[in-house]
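What follows is a set of notes on a single structure, which appears directly below.
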Amino acid sequence: MKRAKALLLHQTFKMDHRHSERYTYNPTLHWNPRVEDYFIKAYGAERFSKISEALTRPSCYSCIRVNTLKTTSDAIIEKLLAILQEARLQCDIDELNIRSNGSSTAMTRDAKQGSYFDELKCHQVSNDCEGDPLQFSQREDVPNASSQSSLITKCQLRGLDYVLFVKGSGPHKMPFGDTSSLKEVIVSRKCAEAVLRGAKIFVPGVLACSAHVEKGDTVAVSVAIEQPNLDKGWAVGITRGTVLQGQQTVDPQYFERSGLYIGQGIAMMSRAGMFRVSKGVAIEMINRVFDLPSFNDVLEGEIFLQNLPSIITAHVLDPQKGERILDMCAAPGGKTTAIAILMKDEGEVVAVDRSHNKVLEIKKLAKEMGLSCISAFKLDALKAVCRKNGLTDSFSQQCENGGLGLAYKLYDTTERMRISVRMKLCHLTIDAMRSMIKLVNKNLELMEKQKLVSKTNKVGVFAANELPQVEVDNEETNEMLDINKWKNTQKLKNGPGRSQSTGERVELSKGFSPNSFDRILLDAPCSALGLRPRLFAGEETVESLRNHGKYQRKMFDQAIQLVRPGGVIVYSTCTINPGENEALVRYALDKYNFLSLAPQIPRIGGPGIVGSCDSLDGQSVKEWLRPGEEELVQRFDPSSPIDTIGFFIAKFNVGQKDMTVTAIH
């Protein structure tokens, strides 16, 4: 009898343990097997395991950059505290209203941790933290983490007090209670990653839902993550609109979502509504595994939500007033605007991106932040250097010989005037067109006097992209100025994209002259394997990682041509892949003997990786950093105490150029 009772208790304990493990957030990050082997060789199994685990969680704080040209850190702190307090009160009111309209569940927000908003009552702004730039750089489950840290703190690094940290919390255990009648919702991976950063659940993110979910019901929220399939690929395996049965024997997704519960929410519409409409908030989260405040559309123009390493990158570039800076892959414009603010909006920041809509985003952000020194162009960074021929050769030679003078000033003027004036491509009024052509020709006359260009029988024909592209001869100009012929011409809309409804246009660029920038930031497109939270990494293959490295080297080659002797290049990525980080540094130093690694200020990241590793194709050995170089780069490890995304920064000083380079294979 006693033995039977003991066995029953043991079985009950196992069931409770499985139950507690199921309704938790404990994801395993899936990698392509060959990529995983490569990273284990690079980092070691233990360190890579810690990195993988950290990537599945968001940072425990939000990082905010204050626009110091408009406001101050202290003013923003007061505004944010008021916003957070108001948000708490509004959430409580909304919760009561929803439940009074039919919810059968009595669980409240305070059933979880109850500590995040409580700190609003005892908030203090502290400025006496020593050493650690984050006053709350550890998670709640790490020993010695201070429970009395301020909710909003200033960065303690010198010169970075305009950077604010807003404390989050987690991971928290979800109080699901009796799960026998639990109603559930499964969301997509991308949706879940946004929710872990503080977002709401919108209709397109909902994949599956329990039957009979009504508005006001409390639901458990889990995430569907890609799983290996029979084709040796990855697939989610859930058709949108699937009805969740909730029983192990009849629910095919029952085991797949075990350990993937990200919180609880209140349904803002019925199950039928979630799959009938195309937009709107489907679930309002009330209990989150990680609680981070959302600052979307908050204090626009005064603050910018940005990862700490990205802010550090702008400082490492060290832009000075009056300089000409190039941000080669600028979207969405965070680093571009950070650079402009550090320059006090004095000088020129040229931002380029190959996407039309992303260029519009950069322009919009610059306008919101009140920055006038930013010029944004549509340009592929792989084609950033213009071809040298004819008029360009003469102009470039003036720059290369150091005779910038009038040539540089004219270059700056004409660069801002870049536009095509073919009537069929532009939206100018006739008067505006006449004025523009007159101004272009005046610049031509000045440049002709300085022997920078030769005479031309066309109206403003330039042979290179750093000058205005006015490709119309005199006869065609007269034809265009015929008001009667063109008075009914309507504006053309842009191609497909968000800008089509407004007809917004962006300026195109065909590249820039060699040696025409003082400093260049190349925040290169990469595998983004340092971004977090990340719930799946299997999409990156050995081939895709190798291709990233090839493109990055080509972009760096372009940057080398564009920066002047004595200038600076900063290279950065948001990936943990040494093949895109240390390997690029090795490539640059070996190929260009006039480059040298420069010390970085500020420095809060860790050292780079010294040594070598088998190449991704396994056919050769790739060297990374050599002893002594590791302390001149910054590598941000997502599993480190400062709790950032994975990131890498290298800074190069450019000496007197010798374009006789070493072939690198």
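Glycine too: its Cβ is placed from the backbone N, Cα and C atoms.
These features come from TrEMBL:
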- 236-655: domain 'SAM-dependent MTase RsmB/NOP-type' (DOMAIN)
- C329, A330, A331, P332, G333, G334, K335, D353, D380, D523: S-adenosyl-L-methionine binding site (BINDING)
- C574: active site, nucleophile (ACT_SITE)
Suppose you look only at the domain 'SAM-dependent MTase RsmB/NOP-type' (236-655); what would the mean pLDDT be?
79
Using the alpha carbons only, what distance in Å do you get between C329 (S-adenosyl-L-methionine binding site) and the residue listed as 'active site, nucleophile' once rounded?
13
Distance in Å spanning the most remote Cα pair of C329, A330, A331, P332, G333, G334, K335, D353, D380, D523, given for S-adenosyl-L-methionine:
19
What is the total of other Cβ atoms whose distance to the Cβ of the residue listed as 'active site, nucleophile' is within 10 Å?
23
Just counting, how many other CB atoms are there within 10 A of the CB of K335 (S-adenosyl-L-methionine binding site)?
24
Check each residue in the chain of G333 (S-adenosyl-L-methionine binding site) that is at least six apart in sequence and keep those whose C-beta is under 8 Å from its C-beta; list them in sequence order.
A351, E361, I362, L365, A366, A376
Using Cβ-Cβ distances, find the residues under 8 Å from D380 (S-adenosyl-L-methionine binding site) that belong to the same chain and are at least 6 apart in sequence, listing them in sequence order.
R354
Pop the Cα-Cα gap between C574 (active site, nucleophile) and K335 (S-adenosyl-L-methionine binding site) into the table, whole Å please.
13
Could you measure between A331 (S-adenosyl-L-methionine binding site) and C574 (active site, nucleophile) for me? Cα positions, answer in whole angstrom.
14
